[in-house]
Amino acid sequence: MECCRRAAPGTPLLVLAFLLLSSRTARSEEDREGLWDAWGPWSECSRTCGGGASYSLRRCLSSKSCEGRNIRYRTCSNVDCPPEAGDFRAQQCSAHNDVKYHGQLYEWLPVSNDPDNPCSLKCQAKGTSLVVELAPKVLDGTRCYTESLDMCISGLCQIVGCDHQLGSTVKEDNCGVCNGDGSTCRLVRGQYKSQLSASKSDDTVVAIPYGSRHIRLVLKGPDHLYLETKTLQGTKGENSLSSTGIFLVDNSTVDFQKLPDKEILRMTGPLTADFIIKIHDLGPADSTVQFIFYQPIIHRWRETDFFPCSATCGGGYQLTSAECYDLRSNRVVADQYCHYYPENVKPKPKLQECNLDPCPASDGYKQIMPYDLYHPLPRWEATPWTACSSSCGGGIQSRAVSCVEEDIQGHVTSVEEWKCMYTPKMPVVQPCNIFDCPKWLAQEWSPCTVTCGQGLRYRVVLCIDHRGMHTGGCSAKTKPHIKEECIIPTPCYKPREKLPIEAKLPWFKQAQELEEGAAVSEEPSFIPEAWSACTVTCGVGTQVRIIRCQVLLPFSQSVADLPADECEGPKPASQRACYAGPCNGETPEFNPDNGDGLLGGLQDLDELYDWEYEGFTKCSESCGGGVQEAVVSCLNKQTRELADENLCVTSRRPPQLLKSCNLDPCPASHLLSREMNEVVVLADELCHHPKPSTVQACNRFNCPPAWYPAQWQLCSRTCGGGIQKRDVLCKQRMADGSFLELPETFCSASKPTSHQGCKKDDCPSEWLLSEWSECSVSCGEGTQTRSAICQRVLKTGVSTVVNSTLCPPLPFSSSIRPCMLATCARPGRPSTKHSPHIAAARNIYIQTRRQRKLHFVVGGFAYLLPKTTVVLRCPTRRFRKPLITWEKDGQHSISSAHVTVAPFGYLKIHRLKPSDAGIYTCSAGPAREQFVIKLIGGNRKLVARPLSLWSEEEEALQVRKTNPKEALQTHKHQNGIFSNGSKAEKRGLTADPGNRYDDIVSRLLEQGGWPGELLASWEVQDSAERNASSEEDPNAEQALLHLPFTMVAEQKRLDDILRNLSQQPEELRDLYSKHLVAQLAQDIFRSHLENQDLLPKPSEQRFPPMAVPAHKHVSGFSSSLRSSSGEAGGGSRRPHRKPAILRKISAAQQLSASEVVTHLGQTVALASGTLSVLLHCEAVGNPRPTIHWTRNGEAVQFSDRILLQPDDSLQILAPVEADVGFYTCNATNALGYDSVSIAVTLAGKPLVKTSRMTVLNTEKPTVTVDIGGTVRTVRGVNVTINCQVAGVPEAEVTWFRNKSKLGSSHHLHEGSSHHLHEGSLLLTDVSFSDQGLYSCRAANLHGEQTESTQLLILDPPQVPTQLEDIRALLLATGPNLPSVLMSPLGTQLVLDPGNSALLGCPIKGHPTPNITWFQNGQPIATAPGLTHHIWGAGQILRVANLSGGPQGEFSCLAQNEAGTLLQKASLVIQDYWWSVDRLATCSASCGNRGIHQPRLRCLLNTTEVDPEHCTGKPRPAVQPVACNRRDCPSRWMVTSWSACTRSCGGGVQTRRVTCQKLKASGISTPVSNDMCSQLAKRPVDTQACNQQLCVEWAFSSWGQCNGPCIGPRLAVQHRQVFCQTRDGITLPSEQCSALPRPVSTQNCWSEACSVHWRVSLWTLCTATCGNYGFQSRRVECVHVRTNKAVPEHLCSWGPRPANWQRCNVTPCENTECRDTTRYCEKVRQLKLCQLGQFRSRCCGTCGKA
């Protein structure tokens, strides 16, 4: 009990020291972290349920700022709120109900799912479209979106995972489990195809169980889906799904879509009931339903707790189990339910040791608990592996693995396997001999045996194993052939042989004596023995040998002899001729022509002798590579003895074969003289014979697997100790040279290392810099510093700090740098006036002459020639020039050899090149200005710059640089003004702000006739040409001298030109632009001359006429256009063109001017001194357009005060207030018209252009009107209300809706919004909530004017999605009458005669549609004989007393201003009756039995139906009619077959065949067989039968009685039962399946089964009361006679008695303090009484202690 000892006297001092040390350590860590104080306690949760937020604060203990945040958040109260709690956002909105908004109280409803700012409190006034942001932030814990767990904290939306943790991205899986792996459910998908019949109109598609998720069904076809549900409480329900919509079915949301060709059903889930999806037959065609959903696995394995320990002391163990648990009913069920799901894997039992305390000495032995098992733990034991099933090519071997247990005495017994499941079971099967089997490897072919004609060639074929060694075991059947014929194209003139010359086996096999003998295999084959001796001693004799059919028995590895017919293939010869040498001194040469006579029929004497190789000669060299020659000898093939070479045919002698030898290099030696046989190396050209090959193939078989390491990779570090890696793979080099990558287990050698150290030397010392400190000041200019330490990385990889002298000198700029914050405010002056400012120049520069250097100020655009040096200056105020920074295309610029960033604030680019083009940005603190540089090519074209160089940031800066209005106009008009719809324009390339002026500058460069043209011709001339041109035109050189180096234009001037061009018609824009560009070029040049005082006086002319063209003002452009046809010359005809009015920009009007002259598109303000107003209107077109004027939409009434001038201008003399309005010039010709307006106001008062007409739109997607009228349109269109205003100064336009002011852009309702642009109001996707009065108010200093337009939304007639209202109306009109709803496609209602019916016309629309009824296309009122009534505002039609037959088609036509809708339905009166059809076919073709039977049909409206419908209807009387009553032709008549003569093995059966004739009277008489033979072939009268084999069951004798015990002294014995023929041939068992099979198993008496369970007496109970007492006994299986223990499995036929039980399970009396266990004395001795569990059980003993 060490934990309870009192501390030693010195302990408090040690604790105090430890606390002080800990405090220092914590304080040092805090110093590094910025001196933060500890986090404070968590605040109260912002919500009590539904997920809220809590925060904790900390404070900074330093006087400086601390890094990090001083607040942190966490989620809390993550429990669902009760249903009555309501929405948290709605509660915050309702808190403002008692606060007046604009003087009025509203009931506020929440506006959720705002995509722009989800954490602001936006609420909508109930009953209105007013949406207001009542608070910038919602309370912490409010959900950002209704369908998300993300919550708002401090006004920002924070991500919350399904685990309710902030910042967590954990999501639910498809089963609804947070961060699950999808294993608790299974994906179910399938397809159903309807196969409905007339009697069955409904069918079940699929049953979707409770808890399923993500359900989707799609029905394609005419049928209809509907639902049946059943809750866990047994409540059933049904939903017909009659219309599209979202329904709540048993607390589950159902999304149903009913489309014309299909139906779609979606349910997110989880389902709260079992759903049965059914289909209802509505059409003749089949329907298909595809479904998919995730079904929960409701039965899962659940691991139990540990069982009680197997022993009370001394060490035991305890196990767990697994039980199948039903998640729906929350109860344990049978295991079979968990086996239904393959995903369910039953957990293995767990085992752990327990009660490891030694047993008390008084016990004697430990008590056994639930299991009769002993220490140590059970373990797996395995038998040795069996032999491999295959010697190569991959086999298997197995072993037995069992669970055993060892008791205290060391006895090992087998136990159940589950007791060893706490460790993995050893494998019982493993692969073996997975190497390849030996296979044949063929060598190269030898040369042909002949030099002419036909011969043979040979090759060596070896059997090679997987290691590349020569071995046996290859199949002889797959051996490649070793010889083949070869043909030499050289003809032979004296052939000796008729047959091909046959050579012997190649040298590589014979010379090395590798010939293989015949081997016995596992397949039966002929095996010859050795030949006998020759029968004669000289001359020709014979030899014999024995041929046996043998097979190798693999299991015994012995050879067995078989009958000869068991071996396939030809049998080898058993006799052959032999020759023993010449007799009586005969000549040893034989004549082949006499062979037949000498050998007495033997084929060829030459076969006795043949050439063979007999090894090799000695190597020609001892080192350095020599040659061996194969020795060829003539041998007797029978005796294998050498013979005279004359006995072998010379032409068959094999070729000379060589092989290399002694390839090792020779050791160094002294040079030898020529007299000592020195080898002299000569040039290859001096050798006449072909040079031998220096390369030959060798060892062409697979190499054994080996390790192949790759090259080492680069070292991970350049110094300081790094790591090198390489790949080491196990590969096998194949015979063809390729490599096969193998698993590492195939390589037996040790694997080379794949890692090694490298660069094990110290690194040079280097500076380690810290982060920059904060700026030294809070405003203005300060400094930042950072510290630096000198460190070195040692070869061990450890960094160490060294002396700073060992590091290179550190630049001053590396440790200190300036910083610039906001300018400090001066007393009494706002600080904003003292921020840095850059004095930019908004100019366009175009270089026209070569110049070495040009200076520019930022803020403009420069188009320059290459090789020009450029200096960019950035003039600033209130900012130090050394702090100015430069960027190019968004990248920071630094000084280089080509670009210089000077410390004085300017940038210098040396000799421009194409890569220098771009946007240069000068930054002075927060102030930024840009300068764009572009290059001009040699052909006066701009050098293109890649588009990718522009960044979005540069575009944003360029657009932001200009004022908003100018930027809007520029982007609106700059695209496509010059390009006329080029590809670049269509791609939006010209929207690049850096390319804004490229088009107009390109036109300026291309402009002919302006002074810059002199440059192009002057600079390309050499000096001689230039002098000559000067002599011819002295003014040209003088003009060039005064040309500027750069032309300068203001950006505003070019912006005005672009804006003016954008207002011109497209057909005139190109022509108009040429004049503007020419005028611009002239103005630029004149401006330069004026600045230089060089502008010529009217009397003098310095420049030639071509150099400075006559100046033409733009205002004269229209007149030149009008006369262009006459000026063209040649009488060429102009193309036809529709009218176009020229838009022009006039100078600003002077209010004091008495006469006002202006162009269209302007505003005229009438003052008191205005005497005349002249409105110009210039139009072009072919034919020439006619001009007429209107005022406020009405034609102008001309008078002596209002005049039309000859040039179609309108002049107003002495204008008065009645003349105020919008004057419109209309130009018209045969091709079209054009119109432009001009406003005339009184003293600058606002004027609004109005239109009092009513616009009705039902088809167009957009509507555009002037304010002042009424707009009636359908939903979903875009409505634009123009409010064109005029006034001086310009009037401000304000829009109102129902007298409420509208902002610039706002959402009116979900899916609709409005936008204000240049005084116009655009309403997108209008709906009913957009109806109202829209007012435009124009106001300026002189007054205001308001005009309004009423917007009415029309809804065309359509079928409502919810049909409950009209169904209730039908039910109220006629509760018991059949009814049908009309539909656009048509419906049908089948009625009985005399019934009445209700027809409903479901319709909705705005205004309410008018309904008209028709029958068969005629008005219902004119239908003859039809009683009808119309109710329910025309929606219900009742027709009464319908008679038989079809009633035709009824239709209802609904119409209003927005459109019409026709719906149809058909009424069919069903009446079934019997109809007599035509007579059926005669029942016989002859004789006396033929009759016609009339056929009855059940009809419904002339359609045949099931006869059951006519049950009860009167049947018409019908009588059969006789037919075909005549004599039949003769025919064969046969009797039945007789019984078979044998039951098996083949028998015969017969029948009688006669020829007979049937008379018309019905009598059949026999006739001659010839009469039947003429008509048909005589049937057979005999046939074979019972051809099957005669089989029977056969069986062997009973085996020994050694089967498993099934009772006392009772075991099982077996015998074999098989099917065979009566001849003893075994057949498959199926052949005897028709016969009763004899039994193959029977019970028998066995002495080994004379066993029974023997139990000992129960031990004493471990407790006298309570729930902890138990007792045990020993249970064992013993033999009845010997009474000795035997294995327990012999007693398994009887139940095993329990070996432990609870005892003394009675409650202990609390009042009596006594011992309840017999171990209390040990408890007292071990001093365990102070522990509660021992003190309670040993109350008496512990009380005494």
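Numbering starts at 1 and runs along the chain as displayed.
Glycine is no exception: its Cβ is also placed from the backbone N, Cα and C atoms.
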Which range of 212-237, 342-367, 966-991 is region 'Disordered', per Swiss-Prot: 966-991
According to Swiss-Prot, the disulfide-paired cysteine of Cys549 among Cys534, Cys567, Cys578: Cys567
Candidate annotated as N-linked glycosylation site in Swiss-Prot, where the set is Asn251, Asn1441: Asn251
Cysteine from Cys60, Cys66, Cys76, Cys81 that Swiss-Prot links to Cys49 by a disulfide bond: Cys81
As recorded in Swiss-Prot, which of Cys534, Cys538, Cys619 forms the disulphide with Cys578: Cys534
Where Cys775 (disulfide bond) sits in the secondary structure, as DSSP reduces it to three classes: coil
Where Cys1283 (disulfide bond) sits in the secondary structure, as DSSP reduces it to three classes: coil
Sequence-distant neighbours of Cys775 (disulfide bond) in its chain (C-beta under 8 A, six or more apart): Gly782, Thr783, Gln784, Cys819, Leu821
Secondary structure at Cys81 (disulfide bond), reduced by DSSP to three states: coil
Disulfide-bonded residues near Cys583 (disulfide bond), in sequence order, restricted to Cys49, Cys66, Cys81, Cys1283, Cys1401 and a 10 Å Cα cut-off: none
Three-class DSSP secondary structure - Cys824 (disulfide bond): coil
Candidate with sparsest Cβ neighbourhood (10 Å radius) among Cys49, Cys549, Cys1401, the listed disulfide-bonded residues: Cys49
Residue pair Cys60 (disulfide bond), Cys538 (disulfide bond) - Cα distance, angstrom, rounded: 126
Which of Cys578, Cys779, Cys1283, Cys1452, the listed disulfide-bonded residues, has fewest other Cβ atoms within 10 Å: Cys779
Alpha-carbon spacing, Cys81 (disulfide bond) to Asn251 (N-linked glycosylation site), which is rounded to whole Å: 17
Mapped DSSP class for Cys790 (disulfide bond), helix or strand or coil: strand
Tally of residues which DSSP labels helix, strand or coil - the domain 'TSP type-1 4' (522-584): 3 helix, 26 strand, 34 coil
Rounded distance in angstrom between the Cα atoms of Cys1283 (disulfide bond) and Cys1225 (disulfide bond): 19
Inter-residue Cα distance where the pair is Cys824 (disulfide bond) and Cys1336 (disulfide bond), in Å: 46
